[in-house]
C-alpha cells in the first residue's frame, strides 16, 4: 500500500503537499499582521485631531493614515468605493461626524472603537476631570502569540480529514471495482490483516502530515509549541480512525470512484468550514455552532489548539480521543452493514 501511494504522485501531492500550500499561503499573509490599519479622510479642520500632539498623536498614526481634503461630497463617494475606510468632519458646534464603510466589519468595528476612545479622552481633558474607571487590558497568552498559532491546528485538522476520508473511500471503491476485494477475500490471509495494513498506511500518512506541518510552521512562521504539544499525535491518530470511518461509509454506498469522490467532497468541505479549520465559529449563529459540534473535526481542531498553543494537557485531550474513537466505532459498524465485497 505504501509503495502504491509512492507511485501515485498525484495522490501524494493532494494528500501531503496541497494542504501545505494553504499553510504557507495563510502563514505568509498573516505573518507580521497586527491591528488593522485604516485610511481616513479628514475634511476641513477637525480640532479633535489637529490639537493632538506628542504620544497621543504618535499612537493614533500607528492605526490610522489620515489624508486631508476639502471635497466632502467627493470624499464620501470615495468611501463608498473603498478608496477610504472612513471620512471624518467636525462642525462649528464641535460635533464630530464619522462616515465609514461596513465592507470590512473588523476594520469598521476597530474604527468606531478608536474614534470613541479619542472623543472620550478629549471630553475628559476639556472638563479637567479624571476618569472614574480605568481599564487595564492585557492578553493572557504569551506576547509572542501570532495568527499561525491558530492557523496551524485548523489547517492540520483539515489535511488529516481530507487524507483519511478520501483515502479510505477511493481505495475501497477502487478495490471493489478491480476485484481486489474478491481476491483478498479468497486469499489465505485474515480480514484483520488487510484492515490493519490500511489503517497503518492512513496513520503513517497522518503522522507525516503532522510532522511536515509542525516543522514548516515552527521554522518559517514562528509557531510556538507548548510543553504538551506531543499530545497532538494521539489526537491525530484517533481522529484519523474517525475520518477513516467516514470514508468507509462513503466507499460502501458509492459504486464508482467519481461517486466516492463527490460524496467525500460533500462531507469534508462543509465539515472543514463548520469546524473552524479556516476561521473561528465564535461569531456564527447558535444553530450553526450546534451543527459544528456534531462533527469530529471540530473536536480535533479545538483540542489540537489546546495542546499545541494554549498549554493544554492530558485532561484536555483524553475526552476528545474517547469521543473520536466512539464516533469511529459507530460509523464503522454502519459501514460494515452496508459493505459489499463486489458490485452486484
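Backbone N, Cα and C atoms are what each Cβ position is placed from, and that goes for glycine too.
Because TrEMBL annotations are produced automatically, they should be read as predictions rather than curated entries.
Annotated features in TrEMBL:
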type	residues	note
DOMAIN	112-342	domain 'ABC transmembrane type-2'
TRANSMEM	12-29	transmembrane segment
TRANSMEM	155-175	transmembrane segment
TRANSMEM	199-223	transmembrane segment
TRANSMEM	229-250	transmembrane segment
TRANSMEM	262-281	transmembrane segment
TRANSMEM	317-339	transmembrane segment
Seg_contact(the transmembrane segment (155-175), the transmembrane segment (229-250)) with at least 3 CB pairs under 8 angstroms, min sep 6: yes
Chain residues in Cβ proximity to the transmembrane segment (262-281) (below 8 Å; excluding those fewer than six residues from its ends, i.e. six or more beyond): 150, 154-155, 157-158, 161-162, 165-166, 169-170, 246-247, 250, 253-254, 288-289, 291-292, 295, 297-298, 300-302
Residues of the parent chain within Cβ reach of the transmembrane segment (229-250), under 8 Å, 6 or more residues beyond its termini: 153, 156-157, 160-161, 163-170, 172, 199, 202-203, 206-207, 210, 214, 260, 263-264, 267, 296-297, 300, 303-304, 307-308, 312-314, 316-317, 320-321, 324-325, 327-332, 334-335, 338-339
